[in-house]
Every structure is written in C-alpha cells, then in structure tokens.
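According to TrEMBL, the protein carries these features:
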- 19-650: domain 'Major facilitator superfamily (MFS) profile' (DOMAIN)
- 440-495: domain 'Kazal-like' (DOMAIN)
- 55-73: transmembrane segment (TRANSMEM)
- 85-107: transmembrane segment (TRANSMEM)
- 197-225: transmembrane segment (TRANSMEM)
- 246-268: transmembrane segment (TRANSMEM)
- 324-343: transmembrane segment (TRANSMEM)
- 363-383: transmembrane segment (TRANSMEM)
- 389-411: transmembrane segment (TRANSMEM)
- 524-546: transmembrane segment (TRANSMEM)
Amino acid sequence: GSGFKLLPRWHCCLFRLLFIVALSFAYFSKALTGTYMKSSITQIERRFDLSSTHIGLIDGSFEMGNLLFLAVVSHFGAKLHRPRLIAAGCFLMAVGAFLTGLTHFFMGRYSIAACVDPLKTLDHVPEIQIEPSLEDNKGKSVEYILCHYAACVRDSGSSMWIYVFLGNALRGIGETPVTPLGISYIDDFAKAENSPFYIACLQTITLLGPMFGFLLGSYCARLYVDIGYVDMESVTITPKDSRWVGAWWMGFLVSSGLLLISSIPFWFLPRSMPKQESEENHETPVCEILNKTEDAQSNNQNFKLTEIAKGFLPSLRRLLGTPAYFLLLCGNILKFNAFIGLLTFKAKYMEQQFGQSASRANFLIGVLNLPAVAIGIFLGGLLMKRYKLSVVSGAQLSFATSFMSYLLMLLQFGTKCDNIPIAGLTVSYNGTKGVLYSREMLFSECNRDCFCSAEEWDPVCSDSGITYISPCMAGCLSSSGHGKNTVFHNCTCVSTSFPAGSSTSVRLGQCPHAKDCSRSFTSYMAISVLSSFINALGATPGYMVIIRCITPELKSLALGIQTLVTRTLGGIPAPVYFGALIDSTCLKWSMKSCGGRGACRIYNSDMYRYHTEKFQFTLFKQICQKLLTSIIIVVKTFADLPQSNSVLYF
C-alpha cells in the first residue's frame, strides 16, 4: 500500500546502466540525423528545384518545431513519466525523418534529359498555339512542346518540399524532451561525483553522431537518386555536375530506423529511481523504486503556475540586467549565427568554389573538421581542470580563441579558385574574361540561327577549357556516342575561340577547375580544420564563464534563456539570410517546367566568396566588441574576490 517496490540493488544498477546506454544511443541517433540533414541540403535543393533561401527555411524548420514546445516540455516534463516522454520524443523524431525520406517515393523519377534530341528542331511550329507565358518556342519540335506540357503537369509535385519542411519540424518537436529530461533524470539518480562523468560520456558519444552523419551523407550523395529504378548507363551526368542528385532519401530512412530503435528501451524504464548512495552507505541489499502510482516526488515539485509566473519576470529582469551575462549572450547569438550559416552551406561552398562533389565535401567535413572540434572541446575542459582557471582567465581564453579562429576563418577565404570559363557568362565567346549578366550575351553570331533556349543548362566542355551551357549554344551540328560518352561535333562557336585547324568537338559535362585549384583547396581545408579546433578550444571556458558570472539561483534560467535566444535568433534566421546572400551571386538559374525560377546551376565564385567574407567580418567585429566589453566587466567584478571564489571548477 506504500506504493514502493523492493528490488535487489543489482536491478537498480541495471536500470541506471540501461538508461545511460539508451540515452547515449538516442543522443547519437538524433545528432546523426541532424547533421545528415545538413549534408543533404544541396541534394534537396536540386531535387525540389529550390533556391538557397528556401532551403535555409526548410533547415530552420527543425528549430521552429523544437522551440515551439521546449519551455512547456522542460517545465511539465519533470512532473510526468520522463523515460516514456523521451521514448515518445524519439518515436516522433523517427516519424519526422521517415516522412522526409518518404517524400521521394511520391515525386516520380528525377528527369534531367531533354524529351527529344536537342539538335533535332524545326524552324517553325505553325499549327500549335502556345501560351504567352512560355517564351521562345520557335525552333522547338512538336514532340518537344507536347513533352514540355506533360512535364508541366508532372511539375506540380514540386510542392512536395512542404512535406520535407513538416518532417523536419516534426523531428524538432520530437527532440524537445530528450535533452532536458534525460539530463535531469541522470542528475536525480546519480551521485554528485558521478553525474559529470555520465554527462561527459553522453557528450562524447554525441560527438560521434555528426561525424557518422556526414559520412552517411557522403555515401548517399555518391549514389544516384533513383538508384535501382533506372539504368545507370543512361544517366549522362556525374556527381560533380550541378544537376546531380544523390540518394538523399536513403539516409533519412536509415536514421528513422535508428531513432525508432533508440525509443524502445525507454518504454520499460521506471518513472524515477532513488538517489545513488555513496559507497560507504551501501549496507542494505535492496533499493526502492517508485512505481507509476507513486506521486511523492511529484508533490514536492507541484508548484502553482501563478507562483512561478510571479517569480519569473523579476528573475529575468535581474538576469538581463547583469552586464557581463547580457554581453556574452549577445556575443553568443552572433557567434551562433556565423556557425549555423557556415555549417549549413559549408559543403555547398566547397562544391562551388573548388569543384568538389557533394560526396567528397561531406566526407572531408566528417573525417577532418568534426574530429578537430571534438578534440578542441575535450582539451578545453582539460585545460580548465588542470590549471583551475579563474573566471577572468576563462573569459580571456574564450576571447583569445574566438579572435584567432575568426582571423583564420577570414584567411581561408583568401584561398580561392577563379570562375570556370563559361561562354556568355564568365567569358565571351572569343575567350575574353569578364562576368556577363546580360541575357543577350548568351547568344553570339555563331549560334544565333540555331534557335537555342536561354533557359537550358546541359553544359559541354571544349578542348580549350571553355564550357558552353548547351550543345545548341556551342553551335554543334551532329553527335556520336551514348550516355556519358556522347561527343558533339562541328560546333561553330568552338571554332571562333580556337586556332584554325583545331578540334571543334565538345564532350558532355562542365569543364573542371584549373590544376592550381587543388592546391588552394588543400590550403583551405588545412586552415578550416585549424580554425575549427581553436574555436572549439574556447567553447567550454566560454560556457562556464556564463554560469559563473551570475548568482547561483539564476543558473538554470540563464542556461535556458541562452538556449532559447541563440536558437531563436541564430538557428532559424541564419540559414535563410545566408541562403539569400548565396542566391544573390547566382549567374544561371534553372527554369521549372511550368515557368518560374528553380535551383541555381552556377555561381559567380568571386562574389560568393566576397559576400561570405564580408558577412563573417561584420559578425567578427561585433563579437570582438561584445567579448572585450564583457571581459572588462568580468575583470572588474572578480578582480577583488579571493581565488577560491573565482575558480571555474569543471
């Protein structure tokens, strides 16, 4: 009748171990899924024919869903069955990931080729009435136009990206109870001296998730989107082509399975467990576990909402009125903006600037950048523990590492590759360099009578290293070969930029970057890894400074406000406006079948790098100002305190 079950002590230990292992796997699975989403950004953008701004909105939907329920779950979750809430959260994340991947199967086959041979056109189409919104149908065959309208009907499926948005938001909602309730559950039953160790194990395993997420993204990006359904010999593009779409859906189905498995153990764990006793107090052979009907612990925490509300606003006013905390919070918001913006589009930057495939870009991030971050975080905590850094020293270390990492980040933008020579876009048809934005410059005397479409993007490469946006624009009259091995001959535009007697043939695909670009990419990766390591080195000291610069009773509120504000003002808007900056550098947009702008095919590399560098430099200046001011305040506040009161114990 007491509501207690008496179980042997080894059952208690088993439950503790099971919870730690289950929570670690849940952390690993959710981190893997989140970073896989980041690694699939380019694939989703191309598959749904979206701009970078739209893809940034989709990426931010996770934060929207997460923040929508974060405060409610964090407050009321502690009064409910926490393991089962975590299980429900993992299940919801699995459903969200599954919905995202399932969208692929309702989209139909991905089509990149023209409906008919682009070289077979008619001079006129007299008996077909064309809608005014469709431009320049002269020169298109009857079959081409009929196929165009069929494609227009199929294109209605492009709105399916909304389901990816909803799936990602659902995953954000499901992630809400996992972290706060998992950590609080551990802290409730573990000994005070063991709790940091358990949490450190969780964080260590969590760091493996992003690495495997990017590796999974690398593998899936190498596979064609419709693998198993199409003859790969008929696919005329390679993974380096801007139209290539990898099997993005496959990783979401894999991660959905992992999340579903991670939810199972939590359904069988008790609602709560007693506090783990010290070794000298282990005299009784049994331990007491509260069952589902036990409400003693809940009664102790059963505060009225009105009482909580009365104390919340004054506490929030005190917290934000602490100058050091407020400035550090502003610095973290700016830093998180820069971090999220760069992480979301880092693989895309490597693709566009250095001609890397999405698969290789994700692989390098997973095996080089993320391990450097993990080592940096570990060494930062080790430095604090080894040298018992004071609050002032911690603030100075955080500032120094931020300053150095941002200097290196700006330096890496100096490693560049020139724009690929593309006739009518980055060079003229006679090979003269200079970015050209006029639609009329896409045409020349050599192709003006070919009735080419300016919206086509089917690049071909000449032996001179100049890319033409289509065989028609190159003025080609015949072709030979099949699939990837197709070669176009007698291209009149090629002869204008070549010495007499040279080859006038072109092959399918965009021309590669110059050879010296590979050296620039090696320098870029070296600086990127070093910058990631140094930035991570100051992450733990900076986190602890925020905790120590406020009164103890405001710690929980301070960390909650930091999470809420940084994710609201950083995680949601950063991918959107960063994507808008990227869109502003596009040279050639794809056109949807029913009209309207699709995904970008080629960017102005110089402007892309310039806008990114300018954006980072602006944030860098503001971060330095906030950190310097906060250091001065921290020094004034703690300079006169005894060393024992100002040590950052880790």
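Glycine is no exception: its Cβ is also placed from the backbone N, Cα and C atoms.
In summary, the transmembrane segment (246-268) does not lie against the transmembrane segment (363-383): fewer than three C-beta pairs, each 6 or more positions apart in sequence, are under 8 Å. Within the chain, the transmembrane segment (524-546) has long-range Cβ neighbours (under 8 A, six or more residues past its boundaries) at 324-325, 328-329, 332, 350, 353-354, 364, 368-369, 372-377, 379-381, 383-384, 389, 391, 394-395, 397-402, 404-406, 408-409, 411-412, 415, 558-559, 562, 634, 648, 650.
197-225 is the stretch from 85-107, 197-225, 389-411 with the greatest number of Cβ pairs below 8 Å to the transmembrane segment (363-383). If you look at the transmembrane segment (85-107), the same-chain residues 6 or more away from its ends with a CB under 8 A from one of its CBs are 23, 26, 29-30, 33, 37, 47, 73, 77, 157, 160-161, 163-164, 166-178, 181-182, 225, 248-253, 255-257, 259-260, 262-267. Note on the domain 'Kazal-like' (440-495): mean pLDDT across this stretch is 84. Break the domain 'Kazal-like' (440-495) down by DSSP state and the numbers are 13 helix, 11 strand, 32 coil.
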